[in-house]
Amino acid sequence: MGSPDQPAQTLWQPWWLLFPSRTYFSRQKYKHVGETDGQSGVVSDQQEFVRELKRVNRIAWPMIVVSISQSVSRLFPIFMLGHLDELSLSSASIGTSFCNATGFSVISGMADALETLCGQAYGARQYRQVGTFTYAGILGLFLVCLPVSILWIYTGKLLIFLGQDPLVSKEAGKYVVWLIPTLFPYAVLHSLIRYLQSQSLILPMLWISLASLFINLPICWAFVFKLNLGSVGAALSICLSYWLNVLLLGLYVKYSSACKRTHAPFSKEVLFGLQQFFQLGVPSASMVCLEWWSFEIVIFFSGLLSNPQLEMSVLSICLTFSSLHFQVPYSFGIAASTRISNELGAGNPQAARLILCIVLILSISEFVLAATTIFICRRVLGYAFSEDKSVVGYIQEMTPFLCLSIIVDSLQAILSGVARGSGWQRIGAYVNLGAYYLVGIPMALLMGFALHFKGKGLWIGTIVGAAVQCFLLSIVTSLIDWEKQTLLGRGGGRSASVVAEAADGRRQRRRQRQRIVCVSGGKGGRRWVSTVEVEADGRTVGVEVEAEAEGGGGTGGGMVGVEAQGEAADGGRRRRERRRTVDRF
């Protein structure tokens, strides 16, 4: 039996994740970011489920539109090239795979660190740190873009060295070189997206993404067909789309009153934030890249099969379609990451647990509908990408396996979002390493080459890897101590408890000791003085809590006053916080 403040069910019971009982809701007390007891009271029944469901949906569904529109902006040129000839489609596909593996996945993965940093800082009401971390993210990603740009210049030679078809490699190299200017707006865009989503400002991103998409589509068509630029025109249209997105989002962030409190100057604190960004960004990138690279490796090995152009084209189309659908559960994962990081930063562990339950229910409902629809449309699915009968027929054969991958990808997207919101990127990286590189890829090579299943076998290997990933992440999620994560989240967001710590963007190693002194006063009065000293980066910050009791001549009608005083070091500046309450005893 649990205590009155704890649910009878525990998170490690798997069935509880999807079917929480009435008892669970009736025993929980919720208080959300930006609310106080005087504002919202305490919610303790199923109404909280409905309220949180609305909050998650307000983030998830607009983010689905944002994610899909941005993906379409990058994938629509491949659709256009697919209607030129098979060489254009193959070269653009392998070029896109190379860019994803060596650039876009790294940038996107490192930007995920801002989901933790900005989300928990916003939940802890450290608003300036949200802007500081965003600056740090942009600066850090720009540093990453420089070596990636140099690598992309030699794409064609690298692909030939790795054994790819020389004609396809040369055309792919030209396509990738013209994508180099896309790297830098891509880095800024992903930083701004994390900045806005941490504040649940999703609608501006939705309208800006749609506007950029509708402007980009006719430009891409004109570049590819009217100007006969081929793959070069496709790459240029992608670049223009991202720069337009960055320009419009930047104007919104600068002039919108909704972002005013999270604005921060570009100062030396950004450098300290840069250190924290890389501390989380490297494992975040590892978590994303290890998964992303496994699919790109499969595409690479498909080029070594007996009919490389057909196998690469079909697997690239399957990966493109899977990636396009993945934006839906990934958006649910973003909603989970945003809301969980906010609530952990605000010190609300039960709300974080409830959010996990809600996004799992939404994800399961979505992938059942999506997989069913795709299977029904399997005979016409290939025509969206190619008019080649052999390609269309092969895609029809691959559709059942595509449906299976959609199911497992949907689940892992949610669990990965929970890991990001909780700051567990390092553990997620180890999980992905084991799932895909110890199980998934070896299984793909076995099925594709040794057992001669060719492209189907390679894709089955990715499904097995994703299934193992889901299993391991579910175990990790079930073992999360939400109360402990709340303390870590509040520390990561630098929220004030007794001491108002304001060392912007820096992790502080702290040592605390307490001294309690009882002093006898006149007429039976007594005074307690409790001193808490916190050592941060070599500076001592003192907090004194004083309680005084007066006997009142033995009548029992005295007063107890408690006064708390806090100071924090902030780069040479000091900030004080005072609190006084008086209670009758």
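The chain as shown is numbered from 1 upward.
Cβ atoms are placed via backbone N, Cα and C, with glycine included.
Database features (TrEMBL):
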| type | residues | note |
| --- | --- | --- |
| COMPBIAS | 550-560 | compositional bias 'Gly residues' |
| REGION | 547-585 | region 'Disordered' |
| TRANSMEM | 132-155 | transmembrane segment |
| TRANSMEM | 175-193 | transmembrane segment |
| TRANSMEM | 205-225 | transmembrane segment |
| TRANSMEM | 231-253 | transmembrane segment |
| TRANSMEM | 354-376 | transmembrane segment |
| TRANSMEM | 398-418 | transmembrane segment |
| TRANSMEM | 430-451 | transmembrane segment |
| TRANSMEM | 457-480 | transmembrane segment |
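Same-chain residues lying 6 or more positions outside the transmembrane segment (354-376) and placing a CB less than 8 Å from one of its CB atoms are 17-18, 20, 28, 30, 48-49, 52-53, 56-57, 60, 321, 325, 328-329, 332-333, 335-336, 339-340, 343, 399-400, 402-404, 406-407, 410-411, 413-414, 417-418, 477.
Panel annotation: around the transmembrane segment (132-155), residues 95, 98-99, 102-103, 106-107, 110-111, 113-114, 117-118, 121, 172-173, 176-177, 179-180, 183-184, 187-188, 190-192, 194-195, 264, 266-267, 269-271, 273-274, 276-278, 281, 504-505 of the same chain, lying at least six beyond its termini, place a Cβ under 8 Å from a Cβ of the stretch.
457-480 is the stretch from 205-225, 430-451, 457-480 with the greatest number of Cβ pairs below 8 Å to the transmembrane segment (398-418).
If one looks beyond the transmembrane segment (231-253) by at least 6 residues along the same chain, the residues whose Cβ comes under 8 Å of a Cβ in the stretch are 70, 73-74, 76-78, 80-81, 88, 91-92, 95, 171, 174-176, 178-179, 181-182, 185-186, 188-189, 192-193, 195-196, 204-205, 208-209, 211-213, 215-216, 219-220, 222-224, 259. Panel annotation: around the transmembrane segment (175-193), residues 66, 70, 91-92, 95, 98-99, 103-104, 107-108, 111, 114, 134, 137-138, 141-142, 144-145, 148-149, 152-153, 155-156, 205, 231-232, 234-236, 238-239, 242-243, 245-246, 249-250, 253 of the same chain, lying at least six beyond its termini, place a Cβ under 8 Å from a Cβ of the stretch.
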